[in-house]
Amino acid sequence: KFAMVAPDVQIDDGKGTILISSEEGETEANNHRKLSDFGIRNGTRLQADDFLQDYTLLINVLHSEDLEKDVEFEVVGDTPERIGPKPSEPTSRNISNGSDDGAQPSTSTGKQQ
C-alpha cells in the first residue's frame, strides 16, 4: 500500500520497539503476531522509514468496527502512487581538472622544455 522497498517500522513511543526490519530475519518472529501483542491500540502511532528511498511515514492506527466484510484494514489519507529512489541532483558547477576552485585547463601553445 505504501510502495516501500525496504521498510523499517517501529512504534513511535520513544522505546524504539521495532515491528518490521529491512534486515533479513531480524523481525521474522513478529510476522504471525497481532498488533495488540505489541500494545498497539487505537491512537498508537507507528513510524515507517525506507532509507533506500529517503521516505518516512507516520501512521496513526485507528480502530474501526465499520469495515466491509473480509476487509482487515483500510488506508485513509494520501498514499503515493509509486515512490522511487530520488534522481541524482544535477551538478550546476562546471568542474575542470578535478577541482571546483574555478581554475581552467591550460591553453598555452608554447614549446615544452
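A Cβ is built for glycine as well, from the same backbone N, Cα and C atoms used for every other residue.
What TrEMBL says about a protein is an automatic prediction, not a curated fact.
Quick look at what TrEMBL annotates:
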- 89-113: compositional bias 'Polar residues' (COMPBIAS)
- 1-68: domain 'Ubiquitin/SUMO-activating enzyme ubiquitin-like' (DOMAIN)
- 78-109: domain 'SUMO-activating enzyme subunit 2 C-terminal' (DOMAIN)
- 74-113: region 'Disordered' (REGION)
Grab the pLDDT values for the domain 'Ubiquitin/SUMO-activating enzyme ubiquitin-like' (1-68) and give me their mean, rounded.
91
Just to be sure I understand, if DSSP states are collapsed into helix, strand and coil, how many residues of the domain 'Ubiquitin/SUMO-activating enzyme ubiquitin-like' (1-68) fall in each?
7 helix, 19 strand, 42 coil
